[in-house]
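So that you can see what the record holds, here are the features copied from TrEMBL:
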- 49-207: domain 'AAA+ ATPase' (DOMAIN)
- 61, 62, 63, 64, 65, 206, 218: ATP binding site (BINDING)
Ligand SMILES: Nc1ncnc2c1ncn2[C@@H]1O[C@H](COP(=O)(O)OP(=O)(O)O)[C@@H](O)[C@H]1O
Ligand SMILES: [Mg+2]
C-alpha cells in the first residue's frame with residue numbers, strides 16, 4: 001500500500017499500513033532477548049513436543065507484537081524443517097469466556113461452526129480431530145489472559161495444557177499466555193502443574209532511548225525520507241518514556257503525521273507532536289469517562305496512579321497516604337478512612353481499578369489490599385487529573 005491517494009501530494013507517510021497496530025515489523029529493536037528466549041522455549045515444538053510460556057509486562061511493552069513475530073518466525077522455521085506449524089492469537093478481552101475461546105479455536109478449522117450447543121469436550125474433540133487430520137502443531141496465544149482468568153477460567157488453561165498429555169509427535173497444541181501481571185497464582189493447582197512455571201518471559205518498560213530507536217525504525221519503514229524533524233523523535237520518545245509505552249509512542253507518531261498532512265506541511269514538526277500529545281492525552285474514551293467523575297473520586301484515582309508509579313500495583317495503605325498528600329496539595333480536607341474505602345469500592349465497581357487481598361508484603365503477617373489499574377495508562381490518567389487540578393506535573 002504505497003501512499004493514500006488523498007494525501008498523495010503531501011509525501012509524508014509512505015505506507016499507512018506500517019503504522020497500523022496490526023503491523024508486525026520484521027525486526028523488533030530491543031526485543032531480541034525476548035524473541036531468543038521464546039525460540040529456546042519452543043524449540044521442542046519443531047520436534048512435535050508441546051510447550052507453554054507466559055509473557056509478562058505492562059501496556060505497550062511489545063508483548064503482542066513479539067508473540068506475533070515469534071509465531072511467524074517459528075511457522076517459517078517449521079516449513080523449512082518439514083513440520084506443519086500454525087498459530088492463532090485470541091484476545092481474551094474480546095473472547096471473554098472459556099466457551100468463546102474454544103469456539104474461536106474450533107472456528108479456525110471449521111468456520112461457520114455455530115456458537116451455541118457444543119460442550120467444551122465436544123469442542124476439544126473437534127479441535128483434536130482437526131489437528132490430527134492436518135498433522136498440525138498449533139500455538140494458541142491467549143492475549144490479555146488475565147481478563148479470562150479473573151473470571152475463573154482455570155479449566156480452560158488446564159484442558160489446553162493437557163491437550164496432548166500422551167506424547168504424540170503427529171500433532172500438538174502449545175500455549176502462550178500474555179498478561180500484564182503475574183497470573184500463575186490465579187491458576188488452581190491442577191492447571192498450574194501443567195503450566196511450566198519457569199517459562200516466563202518478562203517485558204520491561206522501554207526507556208526513552210529504546211523508544212527513540214523504536215520510533216526511528218518505524219519512521220524508516222513508514223515515512224518518506226527527511227519528513228520527520230529530529231527533535232520530533234526525541235519529543236515522542238520522551239513523552240512516552242514516563243510510562244515506557246511503545247503503543248503511546250506509535251500513536252503519537254501517527255497522529256503527528258496526520259496533523260502535518262492535514263496542515264499540508266512538508267514534514268512533521270515538534271508543534272505537530274505537541275498537538276498530537278494533547279489530542280491523544282485528552283481525547284481517549286477514558287477521558288470522557290473521567291470527565292464525568294466527581295472531584296473526590298478523581299483525587300483518590302490520582303492517589304492510586306501516583307502510588308503505583310512505575311510498579312505493577314500498590315496497597316490501600318500506600319494509597320491512603322498518597323491521598324492525604326494529594327488532598328493537602330489541593331488544599332482540601334482528606335476524607336476519613338471509611339469514606340476513602342467507599343471511594344475505592346466505587347472505583348472498582350466502575351472498572352477503574354481492581355483489588356485483591358494478599359498477605360502484607362512488608363512481613364507483618366496481616367492482610368492488605370492490593371490495588372491494580374490494568375485497563376488504563378496510568379501516566380495519562382495522572383497527567384489529565386494533575387492538569388485539571390493545577391498540580392505540578
Ligand atoms: N520493539 C519494538 N519494535 C517495534 N515496534 C514495537 C516494539 N515494541 C512495541 N512496538 C509497537 O508498539 C505498539 C504496542 O506494542 P504491543 O505489542 O501492542 O504492546 P503490548 O502488547 O505489550 O501492550 C505496537 O504498535 C507495536 O508494533
Ligand atoms: Mg498487547
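Numbering starts at 1 and runs along the chain as it is shown here.
Backbone N, Cα and C atoms are what each Cβ position is placed from, and that goes for glycine too.
Where the annotation comes from TrEMBL, it is an automatic prediction and has not been curated.
Annotated features taken from TrEMBL, shown on the structure.
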residue : record           : DSSP class
61      : ATP binding site : coil
206     : ATP binding site : coil
218     : ATP binding site : helix
Sequence-distant neighbours of residue 62 (ATP binding site) in its chain (C-beta under 8 A, six or more apart): 28, 30, 31, 34, 203, 206, 246
Diameter of the ATP binding set by C-alpha atoms, the set being 61, 62, 63, 64, 65, 206, 218, in angstrom: 17
Binding-site residues near ligand 1 among 61, 62, 64, 206 (Cβ under 6 Å): 61, 62, 64
Binding-site residues close to ligand 2 - of 61, 62, 63, 65, 206, 218, only those whose C-beta is under 6 Å away: 63
Per-residue Cβ crowding (10 Å cut-off), top of binding-site residues 61, 64: 61
Among 63, 218, the most crowded of the binding-site residues [Cβ within 10 Å]: 63
In the chain carrying residue 65 (ATP binding site), residues 6 or more apart in sequence that have Cβ under 8 angstroms from it: 24, 25, 28, 31
